[in-house]
Amino acid sequence: MSTDFTALFDEWSDSYDETVAGHDPEYNEVFRNYLHILEEVVKKSKGNTIEFGVGTGNLTQLLVKSGKRVCGIEPSAGMRKVAKQKLPEVKILQGDFLSFTHPFQFVDTIVSTYAFHHLTDDEKETAIRNYSSILGNDGKIVFADTLFEDENAKSNMILKAENSRFHRLANDLRTEYYTTIPVMKDLFEQNDFTVTFTQKNDFVWIIEAKKRRRES
Ligand SMILES: C[S@@+](CC[C@H](N)C(=O)[O-])C[C@H]1O[C@@H](n2cnc3c(N)ncnc32)[C@H](O)[C@@H]1O
């Protein structure tokens, strides 16, 4: 992944926790119910857990508190530094959704919040296919991220952001790889998962994808 991109997150790392607390009006709705969203992801997780895009470690902290063994993967050195200050005892490794190592013999859950949209739809497919092979029989993926019901809903949200003069938000929605529920549903089903989507605010949905049991 590009170093320009990680530089943006390095810069954001010091003020990121203020943004999620609602200090930035443009992103208020995106982060509405942030803590509840992370808690829901934790509730749906179990056992040995890989977390991608840990950022400042907020989800990591909750996962560890609830007794999961966690390995965090994070490409930005700035974000890793903040997360490690909060969680010195947790493994937080350099890597990304597509290129990473982990210490587990078996992986029960793969989680991520507010990060999967950094992959193009083709990259999302590659990642999900890889996770399907890593996860054990009862394994699952639990992601929370911005999704749209269809392209029309996405265009309307960009328009709404522009009308509210939320130019940074409108630009993010236009330039990052936010996708739609039908696309995500296909990607998971093609890779042997059954998937459900639960909306948590105007932007964020929780995606819970369980591996289909293979008949023996
Ligand atoms: C908006 S922050 C979310 C942080 C945290 N998960 C949370 O919920 O608060 C997005 C994070 O994803 C990371 N990220 C960006 N591209 C990534 C990639 N390709 N693979 C894994 N993480 C990525 C960024 O460095 C950043 O820490």
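Every residue gets a Cβ built from N, Cα and C, even glycine.
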Q: Kindly point out which candidate in Gly47, Gly53 is recorded by TrEMBL as part of the S-adenosyl-L-methionine site with Glu74, Asp96.
A: Gly53
Q: Using the centroid of the Cβ atoms of Gly53, Glu74, Asp96 as reference, list every other same-chain residue with Cβ within 8 Å of it (recorded S-adenosyl-L-methionine site), in sequence order.
A: Phe52, Val54, Ile73, Pro75, Ser76, Met79, Gly95, Phe97, Ala115
Q. Taking every protein chain shown into account, which of the binding-site residues Glu74, Asp96 has the largest tally of Cβ atoms within 10 Å of its Cβ?
A. Glu74
Q) Which of the three DSSP-derived classes (helix, strand, coil) applies to Asp96 (S-adenosyl-L-methionine binding site)? A) coil
**Q.** Gly53 (S-adenosyl-L-methionine binding site) - helix vs strand vs coil (DSSP)
**A.** coil
